[in-house]
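Down below is the structure, laid out as structure tokens.
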Amino acid sequence: MAALVSTVSSIIRWNSNNNNNNNFTRSVKSCLSSNYHNNNNIIHNKTVLMSTNNNNNNNQKNSSRRSANYQPPLWQFDYVQSLSSPFKDEAYVKRVEKLKEEVRVMVKRAREEEKPLSQLELIDVLQRLGISYHFEDEINDILKHIYNNNNVYNTNNNVYANSLEFRLLRQHGYPVSQEIFSTCKDERGNFMVCTNDIKGMLSLYEASFYLVENEDGILEETREKTKKYLEEYIIMIMEKQQSLLDQNNNNYDYDYDYELVSHALELPLHWRMLRLESRWFIDVYEKRLDMNPTLLTLAKLDFNIVQSIYQDDLKHVFSWWESTDMGKKLEFARDRTMVNFLWTVGVAFEPHFKSFRRMITKVNALITVIDDIYDVYGTLDELELFTNAVERWDISAMDGLPEYMKTCFLALYNFINDLPFDVLKGEEGLHIIKFLQKSWADLCKSYLREARWYYNGYTPSFEEYIENAWISISGPVILSHLYFFVVNPNKENALLSTCFDGYPTIIRHSSMILRLKDDMGTSTDELKRGDVPKSIQCKMYEDGISEEEARQRIKLLISETWKLINKDYINLDDDDDGGDDYSPMFYKSNNINKAFIEMCLNLGRMAHCIYQYGDGHGIQDRQTKDHVLSLLIHPIPLTQ
């Protein structure tokens with residue numbers, strides 16, 4: 001297992017100084033299993049055999065159309081247009097402004113009192129309640145002061161305090177070292193954690209998910225031990241509750257720590273969708289004994305007001321979808337406008353990203369339809385024509401397409417060329433459109449490659465699959481669009497300058513998380529209807545292992561990819577010696593700004609949210625429906 005951990009990251013490590021995909025291909029040579037080289041000859045023989053056996057069926061496949069039998073959308077146009085919210089009322093807006101000023105005074109007072117632990121705890125609560133975006137300047141001022149003065153660092157043997165500092169500083173891009181835990185270790189270097197210190201163990205567990213690639217230290221080893229203790233704590237509490245129920249005694253006390261621990265063991269805080277986490281935490285925080293009523297009221301009101309903005313966004317994107325006629329003319333494709341919008345809330349929930357959410361919902365809708373054309377409906381000959389049309393980006397390229405493809409191509413063509421000129425303004429506009437068109441061409445070419453694999457009955461090696469799959473998952477298309485929406489394209493040309501050479505590593509890493517989580521949640525259903533083998537099946541076939549073992553290796557790969565994402569925004573090699581002017585690397589960068597980096601992280605988090613229990617995008621499972629209801633439809637009841 002240790003050897004596996006040391007080699008797994010090579011599969012997803014790209015050279016940031018050279019975006020040539022050949023480097024990526026070579027880096028994948030070190031695979032997840034030691035069986036790879038032993039099975040290599042067998043693998044190639046099996047592949048050829050499979051190709052030979054399926055060649056006779058190619059013509060039949062090429063002329064037939066598959067059907068995924070997707071369910072109709074749960075959320076209809078008329079229902080969405082009927083949504084209304086009382087929280088648009090100016091009285092609520094004024095009340096929120098008043099509460100914000102009260103909280104701002106609270107934060108400033110905490111800064112002046114010079115109690116670092118209290119400051120960190122306040123920041124943590126503000127973040128988890130979903131209202132920290134109102135106080136970014138004040139929070140950054142506190143964290144900068146704590147980092148430059150090592151305030152909590154000197155707290156002797158306080159695992160909780162040091163873990164909280166480590167997590168919050170790294171979350172905000174500060175290159176804090178694991179040496180912060182030196183006061184919490186014994187002479188052998190082991191953490192001195194009391195098994196009864198649930199708060200400390202939970203804080204340590206959550207902090208361990210902010211490690212970066214190749215970072216030495218005891219924190220990751222401690223994660224498994226801490227997880228074991230936390231699991232034992234959960235069992236103990238459950239047994240205690242069951243014992244009381246057996247005695248017909250329902251008067252057991254609410255356990256705040258139990259709620260946090262069980263939640264963290266399901267999925268760590270660092271990997272959770274921010275807005276959904278806030279909705280959950282508001283309910284949990286309300287039951288806390290030391291709950292602050294001002295913070296709670298602000299969180300509830302702010303959530304409901306922002307939800308009313310989401311409902312306006314929904315009306316807009318549902319109207320756009322109706323205007324394209326794709327839902328009516330392309331009945332084979334998934335009509336998932338609501339879920340497509342839910343993705344955008346996960347990537348950027350703040351109200352001022354309203355235009356972004358509307359744009360990316362349209363991108364998501366187009367991706368979903370085009371994906372179904374390649375995966376389900378189109379013949380190989382038709383897919384070749386469509387790919388060529390997108391590459392040419394010429395309206396005359398529509399002439400050779402079948403009618404259903406013309407509908408989709410025209411919607412895509414008009415969308416890209418009609419992007420708001422307040423975004424693509426100046427002379428850069430034309431170049432940006434060219435880059436966005438290229439990202440769509442890259443996506444279609446990756447789809448076509450997978451279609452060829454399917455029609456030829458070919459099972460790719462794991463490295464061959466991954467080399468193509470991080471693009472075919474559509475992450476680069478989504479992140480390319482949002483990049484030019486959140487930065488000034490006339491000033492920040494980092495992505496544009498490399499658009500014909502590759503993508504920044506953070507786009508690749510975020511897309512990798514999206515790909516692997518998608519495969520974990522959808523591969524079984526996709527294979528049933530007929531699709532190319534996904535990462536799980538490629539590992540099973542290549543290494544001769546069970547599906548369960550392959551899934552465990554993919555989970556490990558996801559964890560290693562998160563370390564690469566962490567490294568993209570936490571610069572542990574930063575030689576800045578601190579001082580009053582120190583800021584995290586993404587504040588100083590002239591290349592990629594903070595908002596874009598956070599959105600890349602959030603796309604990975606959304607992948608965990610949508611695919612945690614299966615295919616939450618395509619199948620419309622209960623969890624996704626509950627997410628829609630709690631985030632977009634139902635306001636939080638206010639305490640009278």
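Using the three backbone atoms N, Cα and C, a Cβ is placed for every residue, glycine included.
As written in Swiss-Prot, here are the features:
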- 1-95: transit peptide (TRANSIT)
- 60-69: compositional bias 'Polar residues' (COMPBIAS)
- ARG334, ASP371, ASP375, ARG515, ASP518: (2E)-geranyl diphosphate binding site (BINDING)
- ASP371, ASP375: Mg(2+) 2 binding site (BINDING)
- 371-375: motif 'DDXXD motif' (MOTIF)
- ASP371, ASP375: Mg(2+) 1 binding site (BINDING)
- ASP518, THR522, GLU526: Mg(2+) 3 binding site (BINDING)
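When pLDDT is averaged over the motif 'DDXXD motif' (371-375), the result is 95. Between the candidate binding-site residues, ASP371, ASP375, ASP518, the densest Cβ environment within 10 Å is the one around ASP518. Spacing of ARG515 ((2E)-geranyl diphosphate binding site) relative to THR522 (Mg(2+) 3 binding site) is 10 Å (Cα to Cα, whole number). Residues ARG334, ASP371, ASP375, ARG515, ASP518 are the ones the record ties to (2E)-geranyl diphosphate, and the longest Cα gap between any two of them is 19 Å.
Neighbour counts were taken as the number of other C-beta atoms within 10 angstroms of each residue's C-beta; across the binding-site residues ARG334, ARG515, THR522, the minimum falls on THR522. A separation of roughly 14 Å, to the nearest angstrom, links the Cα atoms of ASP371 ((2E)-geranyl diphosphate binding site) and THR522 (Mg(2+) 3 binding site). The CA atom of ASP375 ((2E)-geranyl diphosphate binding site) is located 13 Å away from the CA atom of THR522 (Mg(2+) 3 binding site). Counting in whole angstrom, THR522 (Mg(2+) 3 binding site) lies 14 from ARG334 ((2E)-geranyl diphosphate binding site) by their C-alpha atoms.
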